[in-house]
Amino acid sequence: MATTNEPPKTAKRDALRALEGKARQMWDETKTFEIDAPTIEEHANSADLHELYPKYMACMAYPYMNGRLHLGHAFTLSKVEFAIAYERMKGKRALFPQGFHVTGMPIKACADKLLREMEKFGKAFENYDEAELAKELSEKAEVNKNVKSKVAAKTGNVTYQFQIMEQLGIPRDEIQKFADPYYWTTFFPPLAMKDLDAFGSKIDWRRTFITTDANPYYDAFVRWQMNKMKLKNKVKFGERYTVYSIKDQQPCMDHDRQSGEALGPQEYTAIKMTVMDWSNKAKEVLGQVKELEGKTVHMVAATLRPETMYGQTNCFVGPDITYGIYNVNDKDAFLITERAARNMAHQKIYAQEGVINKLAEIKGSDIVGTKIHAPLSTYVHVYVLPMETVSPTKGTGVVTSVPSDSPDDFATVMDLKKKPEYYKIEPEWIADYEPIPILETPTYGILTAPTLCKELKINSQKDTNQLAKAKELAYKESFYQGVMVIGKYKGSKVQDVKGKIKDELIASGGAFVYNEPEGLIMSRSGDECIVALMDQWYLDYGEDTWKAETKKCLSQLNTFTNETRHQFEQTLDWLNQWACARSFGLGTKLPWDTQYLVESLSDSTIYMAYYTVAHLLHGGSLNGSQVGPLGITAEQMKDEVWDYVFKLGPYPENCGIPQASLDKMQREFDYFYPLDVRVSGKDLIPNHLTFFLYNHTAMFPEEKWPQGVRSNGHLLLDSKKMSKSTGNFMTIADAVDKYGADAARFALADAGDSVEDANFEDATANAAILRLFTLLEWCEEQVAKVDNLRTGEYDFYDRVFINELNKLLKLTDEAYAATYYRDALKYGVFEFQAARDHYQQACLESGMHRDLVLKYIELQTLTLTPVCPHWAEHVWHELLKKEGTVTSVAFPQPSAPVDESILEAADYIRRTIKSIRDSELSLQKKKKKGKQVESDYKPNAPKSLKIFVANKFPEWEEEVLTLAKTGYDEATGKFDDLKVRKALGALLKNKRVMPFYQAQKRIIENAGPSAFDRALKFDEIATLNTATKEFKRALGFDPIHIVKVEDSTEEDKRTADNSAPGNPSFIFKNE
């Protein structure tokens, strides 16, 4: 087989990757990113500290350490990384600290799974037999038809925890170590540090740490925080509804969940509808159930609208749903779904808390026809009827029917009345039950549902889309505009009496409060969560005074986008008490009640303050196993010591720590706080980020409150959601291996800067490799021949290039400052290189200027430094022979004010060349299509060009603009089109007028009133004379004649008259 000497396809990537190690080695050796506050000896006065020594501190939410970091982490981190790099180049001490979160259930749940799997399959999982397991699951599927599809889907593809560990690259014989949850805390954080180093991160690793009692220093910090919050009455104890895992026997907060993050309890009014007479089928099914003897059975419905109970005409059940009758106490039993029973069992509703005692089971279809008493209904009794759309996963599976105000109920009732035989009901069960007017609204009168169904042409319960619309309209109108027309509160507004009616229903024994999760919530242990009413420690978020302080913090916060601010505002409006303790998992023990641990979203709210001093306590030791440079032990970090460090209390005389040591810690905190920017995914706003604001306002004075929060969307990978199961997934290590660090960073910068989901594209990363490699080659070539480049005075194209670079520098600077990194690439890379290419083309004959070539390489290196630091470091040292790290060089500023006139002249030349070239091509296309053209022009034969230059605009255009100005409002920057049309009057007969006006309108509304002045900022004829050589080179014309319109011949007059200032006309022909 023949061999070739062709370079590998990854040669360009490999060449760029070869630059990375050298740069990182230099950063490590010089401790480039270890950032300290000015010492007290350097500057004792704190008042002007930041003025003399500007700082910038930013961080991202510390990642959870149950696996390798992925590209989504890198995307969020890149926002911090680029900001730190830029602010560093702006002369600030820019600190990027990074810790790792291990608190909570996820690690413990995984470790427990491994223990169970080791019991089943052996310590090294040697007894695992995939084929046998598939057979076992298949047999189970046959037994339980209801779950057949789910289990069958998993057969042969069952993922155990040990298999997940193998996917993470852990050898099977090593996996047993992970059955100890604390082993995870020592294994994954160092890998994360390695990955982030390979990515080129500017992290001060002295300040890193892990959470929980595995780190005694951070453990002491969290205990201090919780004690402080309790002293401030922010932590309270009491009975409250919370999402709960029966399996884990503890509250299941957001970070403990496999799914359902940000969902909370939904409160309903549970209506007790007493069974008066069972249907015949129900009597057959339940007649032999001895446990029901002497029991009063209540069908329980969950409603959000207790004020409408006056209008009940029947009750609905799902005919295909299996219901249970559950024991409540000695006298009562509830007919509900099993899901509802699980929730009620933990809400102090049953006599025996936590006990689910099912007395009987019955299909919904068998209950149809049962006679019941409905509280508040004007009918003495109503019947149970079938409804196909009843959900077993929402509410209790039993639904009250109020056809006067619920479009769904009205549509179903009308179906039942029309086709009783089809629905297998007796006509008398519903025929005489008419909708009862219960409230009146201005829009829909006293029968909201019937009116809406008529208006929206809803004819059946199957008209689901229209019914959803009707339901939304009905609820809003009824709540905000409705007035009661029945009962005790007749004449009162619905929103004023809704709560009163609910309270009276409960007091009468006809109802009770019931809660369930807002949606499906699965715990990390695989348990479907419920809502429990329990005594617990909670943070009193939502308390009026605290909320007001947090809203004040938000009002001063830079949120970067309106979407982020609005999401914070919405969260602050609904966020309420939050359980801050749990029984199991990893974490810090609650100081005053050590049977509990601080939950994972409560020990991660002010850790940014811990970053400021972590290096002095345990400098670089993740778990605090090594005492830091100040020699302070974790045991010495008592609450009063933390108070002093964070300027919240006096120096504790008996602490055993020299005051000078604590003063050094205090200086670090005082200098770097407040936090300038915190970057996180937008999904953390409803919990983590809002808690971050709440806790800072509670713990620190206003001058230490956070300054900014930047939220971003999720990261898509090639326009698809990242998912391990589909294989569309990439870790940071994968990305660096595949593309190299700088190209990966480049693609992340280009992925997007809004709160919408961003997109990392393989094509962009590969294009970045080519761009960086080609740019490096170009720089090397120019430096190699620098002594042969042109010197002396600058010509026209030199001045154009200088001005273009200066303008782009300003735009790049603004983009970096605003954290718009895609724009920073646009101006600082793409357009920067386009300007270079234009310059190089224009200088093909004369050659580029030596000084400008070197200046371009330097400026391009600096504008790329935040995004591609390894590449920039190489060019800075190896090509430009500069000293020090490029990451500390000042961000470049324009060398002079931008001369817009020369830029307009350059743009004019490029536009004119393009216009002439396009005209040539158009002529050739017409010929190829066989169209008749006036000349037999041949573009490749000798040819000449006449360019006609006008010194004034057509009079009708000037008149149009003068009249249009009368309809322009300088305050709004907009035109009043009606006013302009009226002013133009008879001129509108000219068909060119309106298109001209619309074009000028767009320009003026975009640029402002200065655009009314269309006078050119450059001498058009002088510019064309200067550019003659470029026209000849680019287009091949010779000779080229530049002619004033007034000097044109009669033969050329028609063409010449089409020219206008800045838009010349032209004629080309063969010589």
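Glycine is treated like the rest: Cβ placed from N, Cα and C.
Pulled from TrEMBL:
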type   : residues  : note
DOMAIN : 51-148    : domain 'Aminoacyl-tRNA synthetase class Ia'
DOMAIN : 193-760   : domain 'Aminoacyl-tRNA synthetase class Ia'
DOMAIN : 798-933   : domain 'Methionyl/Valyl/Leucyl/Isoleucyl-tRNA synthetase anticodon-binding'
DOMAIN : 949-1016  : domain 'Leucine--tRNA ligase RagD-binding'
REGION : 1048-1071 : region 'Disordered'
Per-residue pLDDT averaged over the domain 'Aminoacyl-tRNA synthetase class Ia' (193-760), given as an integer: 95
Residues of the region 'Disordered' (1048-1071) by DSSP state, where helix covers H, G and I: 4 helix, 8 strand, 12 coil
Residue distribution over DSSP helix, strand and coil in the domain 'Aminoacyl-tRNA synthetase class Ia' (51-148): 56 helix, 14 strand, 28 coil
Secondary structure tally of the domain 'Methionyl/Valyl/Leucyl/Isoleucyl-tRNA synthetase anticodon-binding' (798-933) (DSSP, helix then strand then coil): 100 helix, 1 strand, 35 coil
